[in-house]
Amino acid sequence: MITTQSISDIRKQVTAWRLKGETVAFVPTMGNLHLGHITLVKEAKTRADHVVASIFVNPMQFGQNEDLDAYPRTLADDQAALIEAGAELLFTPTPDIIYPKGMDAQTFVEVPSISDELCGASRPGHFRGVATIVCKLFNIVQPDIAVFGQKDFQQLLVIRTMVEDLSMPIEIVGIETIRETSGLAMSSRNGYLTTEQKDQASQIKRTLNNMALSLKAGLLIKDVVAKAQAELVHVGFRNDYLDVRNANTFAIATAADKDLVILVAAYMGSTRLIDNLVVKLAY
């Protein structure tokens, strides 16, 4: 696997593959890779001739009081994992390479409406940072396919919308959330949890499952949400949001909707965890 910080090196290699009529899949990450990331790379390998990955801890998507400096940097381990998974090219730019004029002078991409709700409301500017870096990386790599995890459901929808609105010729593939044996969604931030907190955090998935059963049984959405919020508080969470949306439009769900997604963000100690569950009701 070739590792480079150079935009021109990335473009030269991708161009060489293109001249042979070969396809390229892309998996952008912030590093500190776990099995969820590796699953994305392996899936990408089945969908294209070549896989490009990136590792960039994007300062634009972190808020003032968030953990940018504390975010783990584990490049050597990440490289070994990517090689084993089948990636052939790794882009590891620095902030100076991505934002040479500084972030305040950087042209940005913002997807309206979706970016301002839930995680966007809790983390103002977060999705502008996500959309901007993903747009830049897409322009640098120019992949045929890009693979993302569904754990970040709202982020995936933001990226799909950006690609559609800007007429980017890229297929966006979402992969089902990879979980630990306890049911806890795999996340780089799980490393911040103590053993006891990880055990408590596994309640998120059980709560989502209980909500799905209640919704399928025809209970009112507001009652299902209220009960679930209480469950999470009982095991030690501080709720950020818990909501049920239309899985296709992201509008607040109504009794008439059949394709739903339950989305949750909650704090265990100082660590913010997110998860979701898609629920299909009978027509």
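The chain as shown is numbered from 1 upward.
Glycine residues also receive a Cβ, built from the backbone N, Cα and C atoms like all the rest.
Here is what Swiss-Prot records for this protein:
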{"type": "ACT_SITE", "residues": "His37", "note": "active site, proton donor"}
{"type": "BINDING", "residues": "30-37, 149-152, Ile178, 186-189", "note": "ATP binding site"}
{"type": "BINDING", "residues": "Gln61, Gln155", "note": "(R)-pantoate binding site"}
{"type": "BINDING", "residues": "Gln61", "note": "beta-alanine binding site"}
Report summary line: Residues near Gly36 (ATP binding site) by Cβ (under 8 Å) yet at least 6 apart in sequence within the same chain, in sequence order, are Gly149, Lys151, Thr177, Ile178, Ala185, Met186, Ser187
Query raised in the report: Gln61 ((R)-pantoate binding site): which of the recorded positions Met30, Leu33, His37 is the nearest Cα neighbour?
Result: Met30
**Report entry** Spatial separation of the residue listed as 'active site, proton donor' from Gln150 (ATP binding site) - C-alpha basis, Å
**Finding:** 11
Report summary line: Rounded Cα distance in angstrom between Ser188 (ATP binding site) and His37 (active site, proton donor) is 10
Report summary line: In chain order, residues whose C-beta lies under 8 angstroms from the C-beta of Leu33 (ATP binding site), counting only those at least six residues away in the same chain, are Thr74, Asp77, Asp78, Ala81, Leu82, Ser188
**Report entry** Cα-to-Cα gap, Gln155 ((R)-pantoate binding site) vs His37 (active site, proton donor), nearest whole Å
**Finding:** 15
Requested in this report: Round to the nearest Å and give the CA-to-CA distance linking Met30 (ATP binding site) with His37 (active site, proton donor).
Outcome: 10
